[in-house]
Each structure stands twice: as C-alpha cells, then as structure tokens.
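**Student:** Take a look at this one; I'll ask things after.
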Amino acid sequence: MKCVRCKQKAKILLKRHNAAFCNECFLYYYRNQVTKNIRKYKMFDKKDKILAVISGGKDSMALWDVLVKEGYNVVAMYINLGIGEYSNRSQKVVESFASKNNLPLIVKDIKKEFGLDIYKLSKTLKRSPCSICGSIKRYLFNKVAYDGGFSAVATGHNLDDEAATLLGNVLSWEEGYLARQAPVLPQTHPKLIKKVKPLYSLTERENLYYVLLNKIEFLHEECPHSVGARSILFKEVLNKLEEESPGTKQRFLNGFLEKGRRHFQDVSEKLELRECKTCGQVTTTEECSFCRFVKICNHQQET
Ligand code: Q46
Ligand code: ZN
C-alpha cells in the first residue's frame with residue numbers, strides 16, 4: 001500500500017476516500033481538510049478571535065492543536081462540570097497542554113464559580129444530567145465568547161458525531177434540530193455568537209491518528225454519562241453501514257447539508273428570541289435556564 005501523495009509506504013488507509021497516506025502526508029491531508037472546511041463555510045479568518053471549547057478528549061485536543069498550528073487567533077476554554085474524577089482528570093490534561101505550549105486558556109468551574117451541581121439539578125428538575133450539562137455548556141460558551149469579544153465559538157464535533165446526530169434527528173423527525181444542524185450556526189441575534197465545527201468532515205479515527213502522531217496528551221476515557229447514550233447506538237449502526245459501504249457517513253451528512261437542510265429552514269426562524277430578565281443573555285423564555293439553575297442551587301444551599 002503506497003501513499004497517494006508521495007508514493008512512499010502508506011501507514012493509514014482512508015477507505016471512504018479510497019486513499020492511503022504516510023504519516024507526513026496524512027498530517028498534510030488533515031490540516032488541509034480543516035482549512036478547507038473553514039474557508040468553505042466562511043467560519044472565520046486569521047483576524048478573528050476564536051474561542052475553542054476543549055474537553056480534553058482527542059477531538060477537541062486535535063482541534064486546538066490544528067488551529068494553533070494553522071496560525072489562527074485561538075483562546076481555549078475548559079469547563080469543569082463537577083463530574084467527579086473525570087472532570088478533574090480532564091482539567092489536568094487541558095491545563096498541562098496549555099502550559100507546555102504557552103497557550104491562552106480560560107477555565108470555568110460551575111461549582112466554584114456559580115454554585116451549580118448538575119446532579120442536584122437533575123434530581124430536582126427530573127431531567128437527565130446530560131440535558132442539564134448541555135444547557136450549562138451552551139450558555140457558558142456563548143456568554144464567555146460574547147463578553148470577551150470573540151467572533152466564533154469552535155467545537156471539536158467530528159463526522160461520526162454529526163452523522164449520528166443526523167440519524168437520531170431524522171428517525172424522530174426533529175424539525176427544529178434538523179434546521180440547526182450545520183457546520184456553521186450563524187449569528188441570529190447580536191448576543192448570539194456564531195458556532196462553528198471545523199472538524200465536521202473528519203472522522204474520530206482521523207482525529208485519533210492526528211493526536212497520536214503529534215504526541216498530544218488526551219483523556220482516553222469518555223464521560224461516565226455517555227455510557228448507554230442513544231448516540232452511541234447510532235454510531236454503531238453507522239459504523240456497520242460504513243464497513244459494508246465506505247463513505248456512507250459522509251454521503252449521508254453531505255447530502256443532508258446540500259439537499260435536505262434547506263427544507264427545514266423556516267422552522268428555526270419561527271423561534272422567538274428575547275433577553276433573559278436576570279442576565280440579559282438570549283433565551284426563548286422570560287428567564288434563561290442557567291439563571292433558573294443558579295437560583296435552584298442557591299436556594300437548596302440556604303435550606
Ligand atoms: S459531558 Fe455532559 Fe456530555 Fe457527560 S454529562 Fe452528558 S453532556 S456525556 S458531551
Ligand atoms: Zn439568564
């Protein structure tokens with residue numbers, strides 16, 4: 001098996017592209033894919049200040065590294081969500097990468113800073129820890145980006161994530177979610193910062209290979225709450241299809257982005273946006289869920 005670019009011995013085969021690469025040419029291919037995605041969807045340019053959301057896993061660590069190497073103006077942000085030792089270990093990985101490479105990093109700790117506890121909230125509100133966690137993360141990404149004058153919030157979502165989310169949304173015809181699934185969510189309100197996914201066309205395996213080749217430390221374990229998630233089942237199903245027919249995930253996602261998504265556009269435009277009466281951030285209700293969470297946790301502490 002020879003590298004398609006330099007004809008030396010190949011080390012990795014990418015069946016969906018019907019191409020194999022040596023390590024050096026793989027890194028060239030990888031960085032090229034990322035910059036192509038950024039340009040194709042006009043995510044940002046070198047003048048923009050980007051907030052990269054980093055969890056310590058392989059995908060976000062790859063995102064951080066590649067954006068820095070490509071010369072973008074990136075500040076990383078890590079949120080300690082109070083998920084036991086998992087959170088402490090991931091924080092260490094992220095802080096160590098930032099200090100070794102002298103990179104700017106913002107750390108938010110939801111317990112220390114806001115008194116939030118996703119387990120207490122999950123019990124009180126009878127919602128899953130993941131739904132509470134998701135609301136808190138979305139709020140903080142946007143608030144930190146807005147307050148800090150950032151042009152975009154970048155996340156490490158990969159092709160496997162995006163195809164699995166799409167499959168889940170199609171199976172239950174979640175029109176609102178389908179309308180909002182894209183590599184770029186543009187600014188629809190002056191206080192809502194653009195969200196971008198520069199790795200949306202790269203697979204988990206390619207991100208893993210990228211961090212291994214670059215000797216980047218990352219947290220190998222997944223969040224304990226991801227066990228049994230529906231998204232994992234969807235990923236397994238898609239992996240089976242991919243094995244039989246390489247390129248399935250990419251065709252499924254790209255087909256949706258090119259031909260399907262526009263049919264759901266009017267659903268997202270119907271959402272009425274307003275500003276939270278407590279913090280001023282954008283919400284669809286009178287008070288945003290983050291401010292309600294803070295009140296619930298503070299009240300519980302007092303009683
Ligand atoms: S971090 Fe949070 Fe995820 Fe853990 S609690 Fe669920 S949502 S699984 S990406
Ligand atoms: Zn609020």
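A Cβ is built for glycine as well, from the same backbone N, Cα and C atoms used for every other residue.
Quick caveat, the model's predicted, so the values are computed rather than measured.
Copied straight from TrEMBL:
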type	residues	note
BINDING	Cys3, Cys6, Cys22, Cys25	Zn(2+) 1 binding site
BINDING	Cys276, Cys279, Cys288, Cys291	Zn(2+) 2 binding site
DOMAIN	2-27	domain '2-thiouridine synthetase TtuA-like N-terminal LIM'
DOMAIN	50-222	domain 'tRNA(Ile)-lysidine/2-thiocytidine synthase N-terminal'
**Student:** Taking the Cβ of Cys279 (Zn(2+) 2 binding site) as the reference point, list residues of the same chain whose Cβ is under 8 angstroms away and which are at least six residues distant in sequence.
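**Tutor:** Cys279 (Zn(2+) 2 binding site) has long-range Cβ partners Lys143, Cys288, Phe290, Cys291.
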**Student:** What whole-number Å value do you get for the CA-CA distance of Cys22 (Zn(2+) 1 binding site) and Cys276 (Zn(2+) 2 binding site)?
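**Tutor:** Given the Cα positions, Cys22 (Zn(2+) 1 binding site) is 52 Å from Cys276 (Zn(2+) 2 binding site).
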**Student:** Taking every protein chain in this structure into account, which of the binding-site residues Cys22, Cys276, Cys288, Cys291 has the most other Cβ atoms within 10 Å of its Cβ?
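**Tutor:** Comparing the binding-site residues Cys22, Cys276, Cys288, Cys291, the most crowded Cβ belongs to Cys288.
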**Student:** I want to verify one value. Collapsing DSSP to three states, which class is Cys276 (Zn(2+) 2 binding site)?
**Tutor:** coil
**Student:** Would you kindly give the Cα-Cα distance separating Cys276 (Zn(2+) 2 binding site) and Cys6 (Zn(2+) 1 binding site), rounded to the nearest Å?
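**Tutor:** Approximately 56 Å lies between the Cα of Cys6 (Zn(2+) 1 binding site) and that of Cys276 (Zn(2+) 2 binding site).
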**Student:** For ligand 2, which among the binding-site residues Cys25, Cys276, Cys279, Cys288, Cys291 have a CB under 6 Å from it?
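**Tutor:** Result: Cys276, Cys279, Cys288, Cys291.
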**Student:** Compute the mean position of the Cβ atoms of Cys3, Cys6, Cys22, Cys25, which form the recorded Zn(2+) 1 site, and then list in sequence order the other residues of that chain whose Cβ is within 8 Å of it.
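**Tutor:** Here the nearby residues are Lys2, Val4, Arg5, Lys7, Gln8, Ala10, Phe21, Asn23, Glu24, Phe26.
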**Student:** Tell me which of the binding-site residues Cys3, Cys6 sits in the most Cβ-dense spot, judged by other Cβ atoms within 10 Å.
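**Tutor:** The residue with the most neighbouring Cβ atoms within 10 Å is Cys3.
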**Student:** Going by DSSP, give the three-state secondary structure for Cys6 (Zn(2+) 1 binding site).
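**Tutor:** Reduced to three states, the DSSP call for Cys6 (Zn(2+) 1 binding site) is coil.
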**Student:** Can you tell me how many other Cβ atoms are located within 10 Å of the Cβ belonging to Cys25 (Zn(2+) 1 binding site)?
**Tutor:** 20
**Student:** What are the other residues, in sequence order, whose C-beta lies within 8 angstroms of the center of the C-beta atoms of Cys276, Cys279, Cys288, Cys291 at the Zn(2+) 2 site?
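**Tutor:** Nearby residues not in the site list: Tyr139, Lys277, Thr278, Gly280, Gln281, Thr283, Glu287, Ser289, Phe290, Arg292.
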**Student:** Measuring Cα to Cα, how many angstrom lie between Cys276 (Zn(2+) 2 binding site) and Cys25 (Zn(2+) 1 binding site)?
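**Tutor:** On Cα coordinates alone, these residues lie 49 Å apart.
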**Student:** What mean pLDDT does the predicted model reach across the domain '2-thiouridine synthetase TtuA-like N-terminal LIM' (2-27)?
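**Tutor:** Computed over the domain '2-thiouridine synthetase TtuA-like N-terminal LIM' (2-27), the mean pLDDT is 96 on the 0 to 100 scale.
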